[in-house]
Amino acid sequence: MDPEQVDEFVMCYLKKKGFNSAAKRLEEVLHQNNGSSFSSIDYHNDPELTKLIRSFSQSEDDPTRYREGYSKLRSWAYNSLDLYKHELLRVMYPVFIHCYMDLVGKGHTQEARAFFNSFRKDHEMIHIRDLQKLEGVLAPSHLEEMEFARSLRQSKVNIKICQYSYDLLLQYLHRTESTLMLGIINEHINFQVYSGQPNSASDDIEAVTIVGSFQDTANHINQKEIQWGLLEDSLEDRLEKTGGLLSDSEKGQGESKDGDMDDSSKKRSTEIGKQGSSIKKLKKDKAGNATAKVARQETSMVSLAPRVKPELALPVMSTDVEQSILEDLRNRVQLSSVAMPSVSFYTFLNTHNGLNCASISHDGSLVAGGFSDSSVKVWDMAKIGQAGSCALQGENDTNDQIVGPNGRRNYTLLLGHSGPVYSATFSPPGDFVLSSSADTTIRLWSTKLNANLVCYKGHNYPVWDVQFSPFGHYFASCSHDRTARIWSMDRIQPLRIMAGHLSDVDCVQWHPNCNYIATGSSDKTVRLWDVQTGECVRIFIGHRSMVLSLAMSPDGKYMASGDEDGTIMMWDLSTARCITPLMGHNSCVWSLSYSGEGSLLASGSADCTVKLWDVTSSTKLTKAEEKNGNSNRLRSLRTFPTKSTPVHALRFSRRNLLFAAGALSKPAS
């Protein structure tokens, strides 16, 4: 290379990298030397330096550099030793998306599409939804207009990697002089290097996390103070002050603790949660001595929670409802890792894949289903028991016309929506049902009048979920319009609008004290909102796919969230940190529910199982146990498989009987 060319390349490089003072000084030196080289050292004949400068001098507008650089890095990573391969492959996805966005940003649309289609299959299994969003990025302006693309460009990815894998990667990049790939990795990836052997591919749920401007925002928001305790003068407080809580050996009524209820016994049962007291007493006495100490400990978890004042004007509870709840609380069965709940599963038949959602009332006496034909159907379990059938018939077919002894069909049909129904929820006393639909509306139904009372309009797109507050009257909804809204039954307009998610808000859940709601989104985050101010007070980051279900612990301190990949994460609301991931499901987690005292978490999944988790031990890990990658594998207490029924809904009754519901996905053999 000519000395003048070298000087020109060095000058361009300094200006490009922002070393303006150095570039200015170089110009002065060259001017003083009348354009001759600024150094007396003969570096122009150094082949290594010449090769390096040539790589810098290559036109950055050449799109083939991205394909060649990524393809070589990909081949090297896939051909690495199996011990380190899974860690090295973690680098590929962020490099892939930033190569694509760089090509789009420089106007090479056709080359960007060809690059995207050539390598997208490598990442579809884990990142399919992100790739679907990136497909819409086709012009440089889209990188600024689309929030998802803009957040990716502004953020960095944290990747955990062992020291040896990190050294291997650096050696490769320097040996092959892959300056383009090195630049992308340096700009968009933070490596958290640890000593020792690499962890297994599935042990660390936080192996890849997003940091940067969004993480900074989340950290700032998570510093806000929240009041996570329970309400003052709650029914539990009154019961505890009056000494109304009974031990299991003293109870003559309540739910059975036998968790092994087979299908035939379920179908013969005609009473919901009120089996014969003599049989239950024998079972309780048998387990009573072993679980008495545990039960006292779990009861104290709720009683020790701090008390806060309500921010909402809560409705006055009728005397009958209050007495009913107190009676249920008095007869609550104390559950623990050695005292499992009874499970009652409601199976929808003949739905023809039309069931979108299911909901169970707090006492298990009513079951609602939302269907694709825009209908809502409510079953009364007492009437089904009288008819001698526990099968919940679905959409129209010959079996749907089965009638009870009174000559009428065994469910109530509620018509009013003009699109598929995606969510339904019962009020705490069970006298109202809310449903949300693709028609953008929410409807309030009376279970006593079997009629539609109100149609709430406010969302602009399909409403994915709606949930009554623990005290009724207020309810929360979430939608494809990326907002959540707070409503009251007596007003047709929303009281608060919570905006901030970057994608669909898929699920919503109230905090036990009604001062906060939590929302889960397709942007892979969970947010906690103050219902009084409408502000976001917590952002929970860690899921790798869309969040589909949420549950709050009875003491209000912890939250569980389930995602599309089957991962459940437990969060501490005060610190916004993940306590532990619960791994076990291999498909979407559609429903979560805590037991009454908060010692167990039930999860229902599309993998046709109900799982019980010991969350008490999950929240009491030592620091040494948290560092142990295998500790979270030991907390699944029991798995209840169904024949072929994805689990749409779960609910622990106030007496701690676990109810579940789902639609049979194929005829039983």
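Using N, Cα and C of the backbone, Cβ positions are placed for all residues, glycine too.
Any TrEMBL annotation is an automated prediction that lacks curation.
Per TrEMBL, the feature domain 'TFIID subunit TAF5 NTD2' maps to 60-189. The average pLDDT the prediction assigns to the domain 'TFIID subunit TAF5 NTD2' (60-189) is 87.
Residues annotated as region 'Disordered' in TrEMBL: 243-300.
Annotation comment: TrEMBL describes 248-271 as compositional bias 'Basic and acidic residues'.
Annotation comment: TrEMBL describes 348-381 (among others) as repeat 'WD'. Counting residues of the repeat 'WD' (348-381) by DSSP class, helix then strand then coil, yields 1 helix, 20 strand, 13 coil.
Summarising the annotation, TrEMBL assigns repeat 'WD' to 414-446 (among others). Panel annotation: around the repeat 'WD' (414-446), residues 318, 321, 324, 356-363, 365-366, 368-378, 452-457, 459-468, 470-472, 475, 477, 479, 487, 489 of the same chain, lying at least six beyond its termini, place a Cβ under 8 Å from a Cβ of the stretch.
Here TrEMBL flags 456-497 (among others) as repeat 'WD'.
According to TrEMBL, the repeat 'WD' annotation covers 498-539 (among others). Listed by sequence, the residues of this chain that lie at least six past the ends of the repeat 'WD' (498-539) yet keep a Cβ under 8 A from its Cβ atoms are 129, 133, 147-148, 151, 217-218, 221-222, 224, 226-231, 308, 310-312, 314, 464-471, 474, 476-480, 482-486, 545-556, 559, 561, 563, 571, 573, 576.
According to TrEMBL, the feature repeat 'WD' maps to 540-581 (among others).
The repeat 'WD' feature in TrEMBL is assigned to 582-623 (among others). For the repeat 'WD' (582-623), the list of distant contacts is 202, 205, 294-295, 298-299, 301-302, 329, 332, 334-337, 340-341, 343, 345, 548-555, 558, 560-570, 572, 631-633, 635-652, 654-656, 658, 660, 662, 665: same-chain residues at least six beyond its ends, Cβ to Cβ under 8 Å.
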Close approaches to the repeat 'WD' (456-497) from elsewhere in its chain (Cβ under 8 angstroms; 6 or more beyond its ends): 312, 314-315, 317, 419, 422-429, 432, 434-444, 503-510, 512, 514, 517, 519, 521, 529, 531, 534
Other parts of the chain folded back onto the repeat 'WD' (348-381), taken as Cβ under 8 Å at six or more residues beyond its ends: 272-273, 328, 391-395, 397, 399-400, 410-415, 417-426, 428-430, 433, 435, 437, 439, 443, 445, 447, 450, 648-651, 653-654, 657, 659-665
Helix, strand and coil totals (DSSP H, G, I; E, B; other) for the repeat 'WD' (456-497): 0 helix, 22 strand, 20 coil
